[in-house]
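I have placed the structure first, in the form of structure tokens, so that the comments after it can refer back to it.
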Amino acid sequence: MAKKSNKSNKLSTLQKPSQKDFILTIDSDSEGENEIPDLEEESEVDQELKEEEKPKPKPKPKSKKNKKNKDINNDQEKTEEQEEINPNFTFSLDGFETSTAFDGWDFKVESNGDVTKKPISKDVDLDGILRRKGGLANLAGSDVKVDEKNDEVESEEVEEVEEDDEDEENEQEGDDDDDELALDGFGMSATEASANADDDQDEQEPEDDDEGVEADMDEEYPGSDQEDEKPVEDTAEDMAEFYADEEEATTAKKQLHTTFQSLQLSRPVLKGLSQLGYTKPSPIQSACIPIALLGKDIVAGAVTGSGKTAAYMIPIIERLLYKPAKISSTRVIVLAPTRELAIQVCDVGKKIGQFVNNLNFGLAVGGLNLRQQEQQLKTRPDIVIATPGRLIDHIRNSPSFSIDSLEVLVIDEADRMLDEGFQAELTEILSLIPRHKRQTLLYSATMNTKIQDLIQLSLQKPVRVMIDPPKSAAIKLVQEFVRIRKRDHLKPALLFQLIKSVDPSQQNRIVVFVARKESAHKLRIILGLLGMRVSELHGSLTQEQRLASVNDFKNLTVPVLICTDLAARGLDIPKIEIVINYDMPKTHEIYLHRVGRTARAGREGKSITFVGESTQDRAIVKDAIKSISEEQARNSKQGKAVSRNVDWKEVEELNKIVESKATVIEEVLDEEKQAKEMLHAEMELSKATNMIKHEKEIQSRPRRTWFESEKDKKHQTEVMQQLTKHGKKVNSHKRKAIEVKKENSSRSYKKTKQDRMSVQKKPKSNGKNKK
């Protein structure tokens, strides 16, 4: 019996694997899956996964009901797929404007380089000095009954400033949501109110048309038409030889893409654009993106605020989707003239490519921590946004940073980068960058650069895409001009009167451009003593102060920003309503970049310019009116130029208040100077202690090299080049002699020191030989 039981067990064991090894065929699958027993125990997770993976049973008889059920299931699957493909797309009819959820680009440095959280150096508390002197409290020249609300707003702002001085870090981290709500409210509901306010101002202030402004300027500055000089333009033959065929550019302009999907971009890029609220490409974007994706060189120009940064950043990110995954190298370099513009471009790229895997950005700008940038560049990021000087420094002195595998070079604000100020640095960068198989993209709002300047870039038949004329302002910009005549001393009071007339409940951002850094600082002190919160932005500030000023202005903690031409190019701070030219710029191109800070991306804006008596000021006004009249002939929606009338009696009364505070202004400047000297002494003391403690480590570091010596730096400017010969300084006498030799004219002989000495050494006669 035992033997029989063993045999039966063996048979059962032989039968079990035969059932396990049973393989399903297509026919058996259709017969039914439930007939096959599951002999192994499964976990709940495996059962759920298998239930999801199980195909639905297909019955043999085909009926109409089953067909209907299949159609319903297919429709459900299609809707699910569409939801998965486009989860965050929002369609609007506002062109290429950003949605209300997007509040502009960030001007902060990430991770270890976050200078907003850990300031490297201490700064002088100028607002504290102004409060001790009686400023930043009550707005000068305002009635208490009328402006009770304004005084309440100002008192709240003063309390916020005191809290900011106690804890800057908590303010920057905790108030972001409140600022977003304020900006969203302004963007959604305040447009009609601001338009009505503008209409009320227009009714109160009589304005002249373009012809009236031009006639007034002609009366004030007669005979200046003869001084206008026409610039030398490139011939048609030279342009045909240098640029690609014009048909390619014209066809690109005609192809107006209504959506970004028609540009055949990848899904991660489209998702990033939808996250920013971009639905319709701008004309410069629809024209340049297809050409850039083909790998061709581009020389492009469009008005300010037309989306030029995204026009070159979108095809770059699309191209980097197909890079080798295992090889990390820097493939793209973007050059920008200012640090703030480079930080903004870096944020634009990060937000467009936020859904792209393995896409890294690097930032190399001056004023920030050099060692942290070296550590970031060691990882060899795909895209490096840099200013020219710091890029050369890293190429020469950072050991693990190389640009041998560079594929794309972008020069933003190309006309400024090709000027003589960046000439030496740009030629050095071009000598270090490989020329073979390099794509070069040039973008600017005033791209009127000559071919002679572009030859050094070694472009390969670039496509010239000019969406707008090189000297044209935005369509919805209203340009106002105030004739100062002989009232230059009233300009600070006039500026205060204009800013005070703006309704504070509208949360307007106002940018004031000045010519000199000293005047920007002094205006901040004057307006602060008059009770107005103002920030400044210029080259004398540290990089931490510059970024803090931009962030405070962006977050509306400070509504007025006084700056030099440092902020005239590229900065895209949303909802800047008014630009005031306190000092006239040197050229019409700089004027266009200044007024281009407002009326961006199809919005409305206003510029107010103080016009002096010089012929240069009059020429800029004439060019502005001329460009408007030319555009009005082409496009009826073009902006207008008007002459603004001012109540000079009120300005003179305000000027008396300003003059009464002259001694206080000097006291503030002296106190600030003493505080700066104390901080400088503390810095020198800490520097000396570090030199004593870490002497060996500091001396062991290799010296950083530069492509120019100190003497070469001094002889860079035009004036020094004219006054020098072969690197040596030439005095006035030698320079005059050289000029005379060039003119081939005779010059009267002048006794030298040797001649005078030889006359003195001659012996005097004793008179013996006299008869």
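Please read every residue number as a count from 1 along the shown chain.
Backbone N, Cα and C atoms are what each Cβ position is placed from, and that goes for glycine too.
Note on Swiss-Prot: of 258-286, 374-402, the range annotated with the feature motif 'Q motif' is 258-286. Confidence annotation: the coiled coil (33-84) carries a mean pLDDT of 50 in the model. In this structure, A302 (ATP binding site) belongs to neither helix nor strand by DSSP; it is coil.
Cβ atoms within 8 Å of the centroid of the Cβ atoms of A302, V303, T304, G305, S306, G307, K308, T309 (the ATP site) belong to the same-chain residues S282, I284, A311, A445, R600, site residues excluded. DSSP assignment over the motif 'DEAD box' (412-415) gives 2 helix, 1 strand, 1 coil.
A helical conformation is recorded for T309 (ATP binding site) in the three-state DSSP classification. Secondary structure by DSSP for the motif 'Q motif' (258-286): 17 helix, 0 strand, 12 coil.
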